[in-house]
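Visitor: Feature list, courtesy of Swiss-Prot:
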type     : residues                                                   : note
ACT_SITE : Asp109                                                     : active site, proton acceptor
BINDING  : Glu6, Gln7, Gly8, Asn9, Thr10, Asn11, Thr12, Leu13, Thr132 : ATP binding site
BINDING  : Gly107, Ala108, Asp109, Arg110, Thr184                     : substrate binding site
BINDING  : Asp129                                                     : K(+) binding site
Amino acid sequence: MLLAIEQGNTNTLFAVHDGERWIAQWRAATDSTRTADEYAVWLSQLLSMAGLALGAFDGCIISSVVPQSIFNLRNLSRRYLHVEPLVIGENAELGIPIRIDKPSEAGADRLVNAIGAHIAYPGPLIVIDSGTATTFDVIAADGGFEGGVIAPGINLSMEALHTAAAKLPRVAIQKPQKVVGTDTVGAMQAGVFWGYIALIEGLIARIKAERDEPLTVVATGGVASLFHGATAAIDKFDPDLTIRGMLEIWRRNQAKA
């Protein structure tokens with residue numbers, strides 16, 4: 001069995017693949033101070049509830065955008081799973097061209113998404129990943145990563161309003177029925193949600209104009225479901241895109257071993 005650990009700035013996903021399908025997934029708040037031992041206690045309890053155990057794994061793959069956490073995640077795999085993990089950005093061969101000025105700066109999540117999208121959809125593509133930050137990445141027809149755009153995430157935008165403006169409350173994000181709000185909460189929700197839709201549509205249009213080629217737009221990430229039905233600019237919503245990419249990277253590296 002394979003344990004895939006996909007760590008973003010806000011949440012960390014632990015997913016179990018039995019060789020045929022994903023059989024379990026759990027999320028935890030990302031905490032860079034959590035030790036390998038703490039991860040093991042938490043994970044072993046969840047595995048036990050699913051009829052599994054830490055010792056059942058013969059592989060582990062890690063994708064993290066939090067460098068200070070990788071040490072502890074690696075030790076979790078070594079100490080408790082008794083396997084050497086495959087770490088995106090360190091010892092994992094991706095098998096795709098990275099056509100940007102500084103390839104070492106490309107985030108692990110963006111590269112994993114590129115692979116997950118390329119094997120599922122005909123390219124070229126724009127992959128939108130909505131999390132703490134929202135990324136718009138261009139994937140060539142041959143699967144090459146060609147760069148993209150990084151913007152603040154929708155939750156970060158709403159939190160910035162509350163933090164920087166003394167009289168604005170902390171507000172939950174939801175899709176308003178109208179653009180013009182008639183109270184403070186409604187106005188904030190409309191501004192952030194519909195403003196974000198405008199950002200998505202505007203950046204997609206500009207990327208397509210700059211590339212001058214047809215591009216399929218695929219959205220993933222923790223808050224991508226918020227945008228479903230709110231814009232025609234997104235062609236596909238794919239919540240499993242990232243772990244699909246991780247599984248493909250694992251298989252490619254196993255084939256070379």
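Glycine is no exception: its Cβ is also placed from the backbone N, Cα and C atoms.
From a predicted model like this one, the values you see are computed outputs, not experimental measurements.
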Visitor: With an 8 Å cut-off on Cβ-Cβ distance and a minimum sequence separation of at least 6, pull the same-chain contacts of Thr184 (substrate binding site), or say none.
Guide: Leu168, Pro169
Visitor: Quick one: give me the count of other CB atoms within 10 A of the CB of Gly8 (ATP binding site).
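Guide: There are 23 such Cβ atoms around Gly8 (ATP binding site).
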Visitor: Once the DSSP letters are reduced so that anything not helix or strand counts as coil, what is Thr184 (substrate binding site)?
Guide: helix
Visitor: Measuring Cα to Cα, how many angstrom lie between the residue listed as 'K(+) binding site' and Thr12 (ATP binding site)?
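Guide: A Cα-Cα distance of 15 Å.
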Visitor: Any idea what DSSP makes of Ala108 (substrate binding site), helix, strand or coil?
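Guide: Note: Ala108 (substrate binding site) is helical by DSSP.
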Visitor: Write down the Cα-Cα distance for Ala108 (substrate binding site) and Thr12 (ATP binding site), rounded and given in Å.
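Guide: Spelling it out, the Cα of Thr12 (ATP binding site) and the Cα of Ala108 (substrate binding site) are 14 Å apart.
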